[in-house]
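Features reported for this protein in TrEMBL:
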- 85-108: transmembrane segment (TRANSMEM)
- 120-142: transmembrane segment (TRANSMEM)
- 148-172: transmembrane segment (TRANSMEM)
- 202-224: transmembrane segment (TRANSMEM)
- 307-324: transmembrane segment (TRANSMEM)
- 331-358: transmembrane segment (TRANSMEM)
- 370-391: transmembrane segment (TRANSMEM)
- 425-443: transmembrane segment (TRANSMEM)
- 455-478: transmembrane segment (TRANSMEM)
Amino acid sequence: FLGAGKPPMYGDYEAQRHWQEVTYNLPIRQWYFNTSDNNLLYWGLDYPPLTAYHSFLCAYIAKLINPDWIALHTSRGYESQPHKLFMRTTVFVADLLVYIPAVILYCFSLKETSTKKKASICALCILLYPGLILIDHGHFQYPLSLGFALWGVLCLSYDWDLLGSVAFCLALNYKQMELYHSLPFFCYLLGKCFKKGLKGKGLVLLTKIAGTVVVSFAVCWLPFCTDMAQIMQVLRRLFPIDRGLFEACMFSSPPPRLANIWCSLSVLIKIKNIVSPQTQLKLSFAVTFLSLLPTCIKLTVQPSLRGFKFALVSCALSFFLFSFQVHEKSILLVSVPVCLIINEIPFMATWFLLVSTFSMLPLLLKDGLLLPYAVTTLAFLSVCAASFSIFEKTSAEDLQLKPFSLSLKGYVSWFKSFPKIVRSLFLLSVTLMGVLSLASAAVPPPQRLPDLFPLSVSVISCLHFLLFLVYFNVVILWDSKNSRSQKKIS
């Protein structure tokens, strides 16, 4: 684990253990407040209540096995093989109960995966995505928020709108980063209500969804609703906006090494030095909002399940590239929705998932995960190439770009060589990522440019993501299948 055995913070593994210590030994009213028993500077809780309840549940079980694991104050930095086995088991159980069933059921629900073999292959590719595997290992993450979000998508695909709303509320109340996916859920459900008519069935559905969301949040936040000070303190912990644009970046000291637009621009323009934190917040909000707007309008006006899944990708990618306080690991919030459409655009989805893993290379090297990174990435690429024949699916139609190509009219002939161009760009991209990965691990950087390789990884990944953002928006805005697919769903 990252930081294991290294005081004073001991790494992300210690964060999860410490939250168990705090939630079990302290009353709820102290969980998010700085006290003599709860130093918020030492892995203070900064996730929503559902994370805290989950930590309490794990702590209750830990107490039965060995009270020393969560003893107040004296357990700081505790590590032992039995405890590591216990903590790993809690993650495995969360995977088995929430994330893995959602992936499997989703793949078997797809019309495109008409046979059990195709559905199994699709599920295997998603579960082999190296980014999630490596981050779960190196940073000790629970997959519950992503799992609940997948359950939300699965429920909506069956028109179980109320259950889907509950599932997404649980995801949002487990990790606030699920805001990356909130607008597509909101716009899709609102669009369905509009389509049914807001004077009849649509109004009834809207009322039911609104009531479901309010009740779900009320249940999750009930212990903190004793007074407004409790609620405001939790919100301050969840959204520490005063810390600045780059606070969430692991490498916040200059230069930032994160594959979003702000950190890439900071190589040329020292944004932190010339723009105040308040202006940084307004700027990032404005750019994020403008980048989201076309997709959200299209999804609201023409709601379809296919458009919803693509909007999850596009909106999450906009948040990652342009929003406030992004972490390297936040790319996983884009990658999981991309996994959901890997059966529709296997070539582009595989390419994106490779780049997303590569974008976390500085973090993975810091964790000492070079060999697992190489092995899992090659395994993932091999399975996707063999399962989906990705190199045979590079035509404009395969990449969902035929409506866009037809709209170009006089330039349609250019698309005849499109598959060859796309394959060449893919091979160039993979080669570049491979060379930079080897160089980052084995070649000492020039003395004058000690951050050359991490910065190169970040900037190149950012350029990839910008192109992917354009691509996904083109697919969404020129989508001619929306109305037909919606009829099939109905």
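Any Cβ shown, glycine's included, is placed from N, Cα and C.
Note: TrEMBL annotation is automatic and uncurated.
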Can the transmembrane segment (455-478) be said to touch the transmembrane segment (202-224) if we require at least 3 CB pairs below 8 Å and skip pairs under 6 apart in sequence?
no
Per the 3+ Cβ pairs under 8 Å rule, pairs at least 6 apart in sequence, do the transmembrane segment (120-142) and the transmembrane segment (148-172) touch?
no
Give residue numbers and ranges for long-range contacts of the transmembrane segment (370-391): same chain, 6 or more residues beyond its ends, CB-CB under 8 A.
121-122, 124-125, 128-130, 133-134, 137, 342-343, 346-347, 350, 353-354, 357-358, 361, 364, 423, 430, 437, 441
